Amino acid sequence: MKLAVYGKGGIGKSTTSCNISVALARRGKKVLQIGCDPKHDSTFTLTGFLIPTIIDTLQSKDYHYENVWPEDVIYKGYGGVDCVEAGGPPAGAGCGGYVVGETVKLLKELNAFDEYDVILFDVLGDVVCGGFAAPLNYADYCLIVTDNGFDALFAANRIAASVREKARTHVLRLAGLIGNRTAKRDLIDKYVEAVPMPVLEILPLIEDIRVSRVKGKTLFEMAESDPSLNYVCDYYLNIADQILARPEGVVPQGAPDRDLFALLSDFYLNPAPNKVEQEDLELMMV
């Protein structure tokens, strides 16, 4: 099974991806996480350091694939999750899609691409050009990380459009949305009402999720010394269980940008009255 995780830049995709990878490993699966971001920090919370990228390794070998060994590019992370960082082209030059393609090509050359139960692509930001939409070419499911905000859901809608486009050529489904560190979900609910898709999980506003990124540890590793965090791990285990059940998923219909802008902005400008306030108002009118 191959997963591609997308979402607005800074929304917490890498933190979410790392914890999902560990959750899948806890369920007995052999997992490979591939970071698809020139910053090459996707697997930081799994390994505790910035591992060398595949592109850097290939350059050091003059692109002689036969001189590259699995241990040159695959690093063992927390919980037994294997980690790879694709890296990226020089800033302002090249194409990220080419880098992803070279990464998959090398892993296949090493007979590593088909050795895993789950491969998770953690893809940078909300860039959905042909290049950074490339992981969708290999994925069975796409997961979109969002919050309860306008910008994140606007980005989610554009990513959903990419899933719809890629689903024309191979079996690809949107597994659903993951709400990350959000105190409310009313805007998320408004969006999925307009654009039907599953919501896999809503993680509340938990400061330890942000802290885990700074510490370079997953929530599972932090919970080893602080059992009070086990309840946070349960959110990720729930996501893993849903994925392993191979959900039907959806080919999202999406919404035109202008329609979505009107829908979400109207939610902000004309919020629904508080339920308690509405009941009080009705009593006053009796």
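Just so it is clear, glycine is given a Cβ too, placed from its N, Cα and C backbone atoms.
The Cβ of GLY10 (ATP binding site) has 10 other Cβ atoms within 10 Å, all protein chains considered. The feature ATP binding site is assigned by Swiss-Prot to GLY10, ILE11, GLY12, LYS13, SER14, THR15, LYS39, ASN180, ARG181, with sequence analysis given as support.
In the three-state DSSP reading, SER14 (ATP binding site) counts as helix. Taking the Cβ of SER14 (ATP binding site) as centre and 10 Å as the limit, one finds 25 other Cβ atoms among all the protein chains shown. Taken from Swiss-Prot, the feature Mg(2+) binding site applies to SER14, supported by sequence analysis.
Of all Cβ atoms in the protein chains displayed, 15 besides its own lie within 10 Å of the Cβ of CYS95 ([4Fe-4S] cluster binding site). According to Swiss-Prot, the [4Fe-4S] cluster binding site annotation covers CYS95, CYS129.
Between the farthest pair of Cα atoms in the ATP binding residues (GLY10, ILE11, GLY12, LYS13, SER14, THR15, LYS39, ASN180, ARG181), the distance is 23 Å. In this structure, the CA atom of CYS95 ([4Fe-4S] cluster binding site) is 32 Å away from the CA atom of ARG181 (ATP binding site).
Of all the binding-site residues listed here (LYS39, ARG181), the one with the fewest other CB atoms within 10 A of its own CB is LYS39.
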